[in-house]
Amino acid sequence: MAPRGPGRFGPLQLALAAAGTAAAALDVFADGWVATGYARGGQPGRAALALALLAAASVATQFCSWFWLRSDPPELRPAVPTGLLAALHLLQLGFLFRCLHALKVGWKVCWKKTAEEEEQSRMAFLSHDISMLRLFETFLENTPQLVLLLYGVLRTNKAEPSQGLGICTAFLCVTWSLLDYHQSLRSFLQDKYELSLGSSVVYFLWNLFLVCPRILAVALFTLLWPYAVAVHFLLVWLVMFLWVSLQGTDFMESPGPEQLYRATVAVILYFSWFNVAPGRTLGRSVIYHSFILADSMLLALSWLWGRDPSNEHSYLVPLLCAALPCYLLGLLLRVTYYKWLHPNMRAQREGDHDEVDANRLELRLASAPALVNRRMRCLARAQFPVCRAVRQRFLNGAAAE
């Protein structure tokens with residue numbers, strides 16, 4: 001499959017955007033249903049914790065959304081008064097408003113016979129921000145909710161319909177947000193390759209197989225020591241926060257919000273890999289997965305050591321034994337993706353370009369739209385460093401000619 005230029009926003013992209021908005025609304029409904037079930041079941045503490053997780057994730061997401069709106073070019077802001085935008089974010093409706101506004105713009109672009117390049121780039125800018133905000137909200141709210149839900153199911157050995165819906169929607173939102181984020185990053189590569197259906201499935205599965213054992217290990221540890229897991233989270237979060245800070249991220253426009261971004265990324269890293277710095281990621285990835293694998297095994301061994309062998313949770317032992325092969329399978333699929341399906345590797349394998357190819361690439365870069373999402377472009381450069389090097393080599397070759 002040949003490299004392509006920036007994609008056009010069409011009916012499929014509009015349908016996916018609408019599905020993402022509906023999934024986010026369904027997830028909020030499921031969380032509210034779960035909290036109501038806890039309250040009715042005589043568990044006000046657990047209901048309060050579920051609502052607190054939802055509120056904390058929403059506040060962080062709304063803050064990022066508002067800060068980005070204030071720093072973005074005026075032509076990208078919705079045609080509504082600034083006071084109304086501020087009120088919507090204060091009422092925790094800013095992200096939903098962004099999604100609905102993007103659907104409105106996308107509808108016009110999708111069905112317009114001759115959509116201008118500026119309109120396409122504006123829609124891409126809005127989509128990139130929504131993808132990043134969805135990722136933030138998912139990991140700040142869904143992954144802790146998954147631990148809480150699994151803890152409740154394991155403690156009672158039964159699952160209420162609300163808990164089943166919450167678990168399914170949370171797992172789907174986590175893995176889908178990662179896939180959507182990766183697809184959004186690839187749109188910044190002028191020499192990128194299409195993310196095929198097979199590549200999407202592999203990317204979706206390796207994230208699912210890596211996240212599931214991690215959440216299971218944390219939930220089992222919570223089953224025996226509900227309060228100790230808070231200490232564990234704070235310690236690991238602090239390690240991840242320091243690690244991200246040492247990598248010198250430059251995502252936000254000012255130092256204060258940058259600390260919020262680093263804190264959010266540290267939460268993501270507690271559950272899943274997330275690259276934030278340019279350069280070769282193999283070493284950082286090996287260090288991260290080795291740390292998470294060792295930490296998850298310690299949590300699981302702690303549960304095995306502290307559990308009562310005669311209790312009703314004996315069925316969890318084989319499930320826990322299957323978690324390690326699941327994690328290793330996820331790592332194998334990840335290696336498979338980056339070895340054969342990642343655009344960097346494909347660019348290297350098909351790197352014999354002639355002068356015409358280099359000139360064509362130079363023209364694509366020169367005609368790139370002016371409205372570029374600086375935040376996501378920065379992450380794209382960190383995620384695809386080899387492609388950037390290949391692109392620069394092509395341009396240098398063209399200039400030498």
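From the backbone N, Cα and C atoms, a Cβ is placed for every residue, glycine too.
No curator has checked TrEMBL annotations; they are predicted automatically.
Here the structure is a predicted model, which means the values were calculated and not measured.
Annotated transmembrane segment per TrEMBL: 12-35, 47-69, 81-103, 164-181, 201-221, 228-248, 260-277, 286-305, 317-337, in sequence order.
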Does the transmembrane segment (12-35) come close to the transmembrane segment (164-181), meaning at least 3 CB pairs under 8 Å for residues 6 or more apart?
yes
Mind checking which residues of the chain, 6+ beyond the ends of the transmembrane segment (260-277), have their Cβ under 8 Å from one of its Cβ atoms?
60, 63-64, 135-136, 139-140, 143, 174, 178, 207, 210-211, 214-215, 233, 236-238, 240-241, 243-245, 247-249, 251-252, 284-285, 288-289, 379, 382-383
Grab the same-chain neighbours of the transmembrane segment (317-337) for me: Cβ-Cβ under 8 Å, and only residues 6 or more beyond its ends, written as numbers and ranges.
199, 202-203, 205-210, 212-214, 216-217, 220, 289, 293, 296-297, 300, 303-304
Below 8 angstroms Cβ to Cβ, which residues of this chain, lying six or more residues outside the transmembrane segment (81-103), approach it?
14, 17-18, 20-21, 24-25, 55, 58-59, 61-63, 65-66, 69, 123, 126-127, 129-130, 133, 137
Residues sitting near the transmembrane segment (12-35): Cβ under 8 Å, six or more positions beyond its termini, same chain?
47, 50-51, 54, 95-96, 99-100, 102-103, 106-107, 110, 127, 130, 134, 137, 141-142, 145, 149, 162-163, 165-166, 169-170, 172-173, 176, 180
Same chain only, please: residues at least 6 beyond the ends of the transmembrane segment (228-248) with a C-beta under 8 Å from a C-beta of the stretch. Say none if there are none.
147, 218, 221-222, 262-263, 265-267, 269-270, 276-277, 291, 295, 299
